[in-house]
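**Q** Got a structure for you, questions after.
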């Protein structure tokens, strides 16, 4: 049906936040490299929400693709321990806003306030691994797991967020961005070859930080980070060294003096044996020998929470077909509009598209009102069922005009 919502423009930390009047009581809660997050009240649902502004998503093809990837992932990944997308809209200034559940805090802030008791460490780790089991089963690697990306509410319910850097499970990765403290050693050594095990390493670093109240590997720079990892784990084994792609990296690693590993039981003397054992299985140099999320869930340390009937996997693998595409901004824009329309369920349950007058109103609601002047013409897929050709004329201060042709 048609929308009667209007946009309201507000300044937050010097940034224009342009949202519909459905959302009120804006308060900034976080700022990242790609967007600003505010808490708000959803007056329609009567509940608090978090609104993430993606600034200038169509300024470059790289940013457009990144935003499209995050939106696709948020739509596909639906799990109790992952942040859930509740709404998405495009503002008149062409910024994109993701609306999700509001959690009270994040693990980074929680760790700064007080030490965690054993039962909280167990419960939080269990939820992290439960979420990772699902994510990995969908063929997705988070790639940037860290305490600030782990949200927690007053009931201690935990949700993993920020899938903007997530990637396909592929042994030949290109490029990597993460917070240094939680970065797996294979990233530093091989750069282009990594898999879901990088998330297990990050989770292990977070596990240790929850136990001790401080980062386990607080590297100051890349080389220092690797050095303090070897202080605990010893020199990398031959199976890891032979995977190093860079000649300079190989020369650096082989030039280092040999270091023996420190037994985890000695390093974590005050920690219960089951916790030390699980930590030792997560923080292993060789990713092939690192424990999986599914296996970690059945470890004795997590026995108080483990429930094999309530640790689901994804129903389907995430479709990464778009990921290698090198497309212009306008094409990413069309694809983004398609995903927004799909999210707002323009099509019926059978995937058919309603082309009557009400459809135009629904399109206007989904794309959130006036747009920049632009002709878009592209083959896209609505509801992943009927291939269609959609011609969209978006005119400032006018309803979008849509022509739908079934192929």
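A Cβ is built for glycine as well, from the same backbone N, Cα and C atoms used for every other residue.
If you look up Swiss-Prot, you'll see 23-302 marked as domain 'Protein kinase'. Marked as ATP binding site by Swiss-Prot on the basis of sequence analysis: 29, 30, 31, 32, 33, 34, 35, 36, 37, 52. The active site, proton acceptor annotation in Swiss-Prot covers 144 and rests on sequence analysis. What Swiss-Prot lists as phosphothreonine is 174, and the listing cites similarity to another entry. Here Swiss-Prot flags 176 as phosphotyrosine, drawing on similarity to another entry.
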**Q** If you measure the residue listed as 'active site, proton acceptor' to residue 35 (ATP binding site) at Cα, how many Å is it?
**A** 16
**Q** With H, G and I counted as helix, E and B as strand and the rest as coil, say where DSSP puts residue 35 (ATP binding site).
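**A** Note: residue 35 (ATP binding site) is in a strand by DSSP.
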**Q** Among the binding-site residues listed here, 29, 31, which has the most company in the form of other Cβ atoms within 10 Å of its Cβ?
**A** 29
**Q** Under 8 Å between C-beta atoms and at least six apart in sequence, can you list the same-chain neighbours of residue 35 (ATP binding site), or say none if there are none?
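**A** Same-chain residues close to residue 35 (ATP binding site) (Cβ under 8 Å, separated by 6 or more) are 52, 53, 54, 55.
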**Q** So how many other Cβ atoms are close to residue 37 (ATP binding site), meaning within 10 Å of its Cβ?
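**A** So the Cβ neighbour count for residue 37 (ATP binding site) comes to 19.
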**Q** Looking only at the domain 'Protein kinase' (23-302), what is the mean pLDDT?
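**A** Averaged over the domain 'Protein kinase' (23-302), per-residue pLDDT gives 89.
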**Q** DSSP on residue 144 (active site, proton acceptor), three-state: which is it?
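**A** The residue in question, residue 144 (active site, proton acceptor), is coil (DSSP, three-state).
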